[in-house]
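Novice: My questions will all concern the structure given below.
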Amino acid sequence: MGTAVESANKLQEVNGSVAVKNPTVVFVLGGPGSGKGTQCANIVEHFGYTHLSAGDLLRAEIKSGSENGTMIQNMIKEGKIVPSEVTIKLLQRAMQENGNDKFLIDGFPRNEENRAAFEEVTKIEPAFVLFFDCSEEEMERRLLSRNQGREDDNIETIRKRFKVFLESSLPVIEHYTARGKVRKIDAGKSVEEVFESVKAVFTPKEEKAD
């Protein structure tokens with residue numbers, strides 16, 4: 001009995017340390033080719049956020065050779081989805097170790113289960129969700145021009161990725177839309193134009209009054 005309570009207390013401490021800092025968290029969502037990565041780099045540079053990519057953290061954990069990393073690698077190899085808790089713990093650790101109090105979390109939550117687990121485990125609700133809305137035609141064009149020479153191999157894969165994104169991420173976007181927390185960006189424009197829209201979202205109202 002004692003051990004369960006002790007471990008629960010320890011867990012509380014881990015969770016609490018993120019909650020105490022009361023970080024500002026912005027979820028960044030958008031389909032493959034919507035330009036999230038480029039815009040995240042701009043936000044980091046101009047607004048002092050720390051960019052955390054769920055995929056990068058999982059890859060780094062695998063590379064580290066830790067027991068956790070081996071478990072993640074085996075799950076991916078078997079085509080299984082890494083449990084939300086695993087990704088959330090990596091995000092929490094990165095937030096604690098970073099020392100900043102403003103984070104862009106990119107590519108997470110991927111689905112409604114991720115979202116509910118993140119709020120449950122961290123007790124953090126995002127300040128808002130930055131949603132890069134881009135037509136499939138435009139995303140396809142960008143991805144194909146990025147992967148020159150492999151167009152035939154990739155068109156099917158690309159379309160599958162779009163389908164997965166839409167099916168799993170739309171419920172997350174709908175949840176936060178209902179809470180007035182989605183900031184939709186027209187990501188079909190040029191990088192510069194898109195960043196102008198992004199800047200308007202991140203700039204406090206009082207600074208906008210010229």
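Including glycine, each Cβ sits where the backbone N, Cα and C put it.
TrEMBL annotations: computationally assigned, not manually curated.
Not my notes, these are from TrEMBL:
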- Gly33, Ser34, Gly35, Lys36, Gly37, Thr38, Arg146, Lys189: ATP binding site (BINDING)
- Arg59, Lys80, Ile81, Val82, Gly107, Phe108, Pro109, Arg110, Arg150, Arg161: ribonucleoside 5'-phosphate binding site (BINDING)
- Asn114: CMP binding site (BINDING)
Novice: State which of the following binding-site residues has the fewest other Cβ atoms within 10 Å around its Cβ: Ser34, Thr38, Asn114.
Specialist: Thr38
Novice: Count, for each of the binding-site residues Lys36, Arg59, Arg146, Lys189, the other C-beta atoms lying within 10 angstroms of its own C-beta, and report the residue with the smallest count.
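Specialist: Output over binding-site residues Lys36, Arg59, Arg146, Lys189: least Cβ neighbours within 10 Å is Arg146.
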Novice: With Cβ-Cβ distance below 8 Å and at least 6 positions apart along the chain, what are the contacts of Gly35 (ATP binding site)? List them in sequence order.
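Specialist: Once residues fewer than 6 apart are set aside, Gly35 (ATP binding site) is near Phe132, Cys134, Arg142, Ala187, Val191, Val194.
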Novice: Let me know the most crowded of the binding-site residues, choosing from Gly37, Pro109 and counting other Cβ atoms within 10 Å.
Specialist: Pro109
Novice: Suppose we draw a 10 Å sphere around the Cβ of Ile81 (ribonucleoside 5'-phosphate binding site). How many other Cβ atoms does it contain, all chains included?
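Specialist: Its Cβ shell of radius 10 Å holds 14 other Cβ atoms.
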Novice: Can you give the largest Cα to Cα distance in Å, as a whole number, for the residues Gly33, Ser34, Gly35, Lys36, Gly37, Thr38, Arg146, Lys189 that bind ATP in the record?
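Specialist: Farthest-apart Cα atoms in Gly33, Ser34, Gly35, Lys36, Gly37, Thr38, Arg146, Lys189 are separated by 17 Å.
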Novice: Could you check which of the binding-site residues Arg59, Gly107, Pro109, Asn114 is the closest Cα neighbour of Lys189 (ATP binding site)?
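Specialist: For Lys189 (ATP binding site), the spatially nearest of the binding-site residues is Gly107.
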Novice: Take the Cβ of Gly33 (ATP binding site) and count every other Cβ within 10 Å, whichever protein chain it belongs to.
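Specialist: Taking all protein chains shown, Gly33 (ATP binding site) has 22 Cβ neighbours within 10 Å.
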